[in-house]
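Input: a single structure, listed below in structure tokens.
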Amino acid sequence: MLCRLSVRWLQPRPALQLRGLGPPAAPAPTGGPKPSALPLWAVASVSAVGPSGAGGWYEALATSAPVQGAEDVLLFAHTASGLPWWGSILLTTVALRGAVTLPLAAYQHYILAKVENLQPEIKNIARHLNQEVAVRANQLGWSKRAARLTYLKTMRRLVSELYVRDNCHPFKATVLVWIQLPMWIFMSVALRNFSTGATHSEGFSVQEQLATGGVLWFPDLTALDSTWILPVSIGVINLLIVEIFALQKIGMSRFQTYITYFVRAVSVLMIPIAATVPSSLVLYWLCSSLMGLAQNLLLRSPRFRQLCRIPLTKSDSDTPYKDLFAAFYAKFISRK
């Protein structure tokens, strides 16, 4: 399974020319192309996938308009800032997360806070409705099943009316996922195209620029991180985000518990996956995860929540960071 996932990221892409930035680059010299930094098993597997095979859907995604738009954003950031590619990737990630996902995350917290504040009213309605249905069932001789169905149908309608009244339907809180996930995919595919394709900018191959655009222990952004520092860092940061979410939830339902375990498993699985893709992708994933961690911590600040006009709730704390540290210490450090 891991091999199949890695192959999709490492499949070669047809040569691309940057839109509106000069003529195509000259053909490669007869001495042969740049030796591949990818594992031999990956190269062999990729060559076996035909355009009409399993890679067809990915090729369609790699040449789609959203991915081309992500390529243009990356190239614009690189050209306008004059930064090396590692800095351009960092700058683009921070800008997109700050301008797109942070406002959406604040809106998500706004909706969830209003839903939380409705819970006492919903419980009160449920208690009175249960009594009324019981009396009505006794008068009309309803069966337990009929009484239960009547209660559920009426309760669903009343709760929906409350959501409409306060304009806080829980589905609105999912808008962050529907924007953030596609953006993450498009940016990842765009960087994969740069790392393995032949997109050109001002006469130079973007792949060649990435090959010298790294820093520290990963100077070549088209190669894998053989030290595993970046992949392991991604796993640690993602797990930290999951634990922050879990620590602020008291009395999670069984479904929420299963989701938490699932996300933990995905965070761990991302480590070997990140070790089989070019470092440019892993750097973007790490920057995105770090921004996600910072975003989660920022949205716990009472001042920032007040600035975003997020309603106060019963679960809010005046000292959220102190409480978070105490909960983290109690769960992972002082437990006996």
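Glycine residues also receive a Cβ, built from the backbone N, Cα and C atoms like all the rest.
TrEMBL annotations: computationally assigned, not manually curated.
Per TrEMBL, domain 'Membrane insertase YidC/Oxa/ALB C-terminal' is recorded for 85-300. Marked as transmembrane segment by TrEMBL: 175-194, 228-246, 258-275, 281-299.
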Worksheet item: Can you find at least 3 Cβ pairs under 8 Å between the transmembrane segment (175-194) and the transmembrane segment (281-299), where each pair is 6 or more residues apart in sequence?
Response: yes
Discussion item. For the transmembrane segment (258-275), give me same-chain residues lying six or more residues beyond its boundaries with a C-beta closer than 8 angstroms to one of its C-beta atoms, as numbers and ranges.
Written reply: 2, 5-6, 224-225, 228, 230-232, 234-235, 238-239, 242, 245-246, 252, 281-282, 285
Worksheet item: So what's near the transmembrane segment (281-299) in sequence-distant terms, Cβ-Cβ under 8 Å and 6+ beyond its ends?
Response: 9, 86, 89-90, 93-94, 97-98, 101-102, 105-106, 109, 184, 187-188, 191-192, 195, 218, 221, 225, 230-231, 233-234, 237-238, 240-241, 244-245, 270, 274, 305, 321
Worksheet, complete the sentence: Model confidence over the domain 'Membrane insertase YidC/Oxa/ALB C-terminal' (85-300), as mean pLDDT, sits at 88
